[in-house]
């Protein structure tokens, strides 16, 4: 085994697996992220290259100090030029429930990459799944994942684990733009005992930990695709206002890749794409380098606003939550919606009460009846909510 620092990271040869020691949900390793792909493990720096060093001994053990490495990421690209894609995936009706619990699809994990920094409030992974194009989907849909193993149900019977739904984080063409993969954005679910401050492995999320710990080649049982709520509108000129918290960014990654990074002959997006992203701090941002590249390449079409609750203050001096950031642009957003914009919400269901209260307050200040205003948006299919 190779040890990076005192008991921080160990590579177990032969499994291409990774073990990371953590306290609660924060990595002890403060300068490294993991990128597991193929039969080997690549260690990469988060920001600046690590100073080159050599093997030394710590507490009687041989310790390897990491040398400078070039960051390589499959989750993020700063090349936002349009790619050629196999247009056969544009044909036919929208796929829906092609595979079920009784007749699931078997795929394989290609890679798992941690995409949050050391000071994030939890670990989020970008996971590429090899599908060979046999479980097609449309942007905004979800896959079901059935974790391995069984559980005891309320009747005392041993049964398979239930299906967990994950919004698909790639366009229908996948991260390679060839239609043979799909991507998931998964936050590792852990439970920290409030008294001891330690994680309780018995209460960890079964499926999220299975996915985040998966080695390349691991078989994954899938269902779906499902979902008709978050689909892109047929009008390519309609503004898209996307509001996300955490891994709720997943479907919007599929949107921006289709809108800006793929050369689809029958789909030429000409509208405004406006993303509001809410996370705790800068280390919890997801796909930020790619988003910044898009903002630079399409300054008149792509807008990006963050709500960093632990780093920013709202107008009243409190924490900046997602509803506070949206409210800063409420006049513009209401005008866009009046002119045919579509507004999407995705993330934890706890995001919606604050957003709805804010929108109701703004609507009232404009002399609008909030309930009637929202019903009008729903009737015109401009209002899209998928929370969990």
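The backbone N, Cα and C atoms fix where each Cβ goes, glycine too.
Residues or ranges marked as NADP(+) binding site by TrEMBL: 167, 187, 247, 309, 310, 319, 347, 348, 386. Its own atom aside, the Cβ of residue 310 (NADP(+) binding site) has 14 Cβ atoms within 10 angstroms in the protein chains shown.
The feature domain 'FAD-binding FR-type' is assigned by TrEMBL to 102-232. On the 0 to 100 pLDDT scale, the model's mean across the domain 'FAD-binding FR-type' (102-232) is 95.
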Span of the NADP(+) site, taken as the largest CA to CA distance across 167, 187, 247, 309, 310, 319, 347, 348, 386 (Å, rounded to a whole number): 28
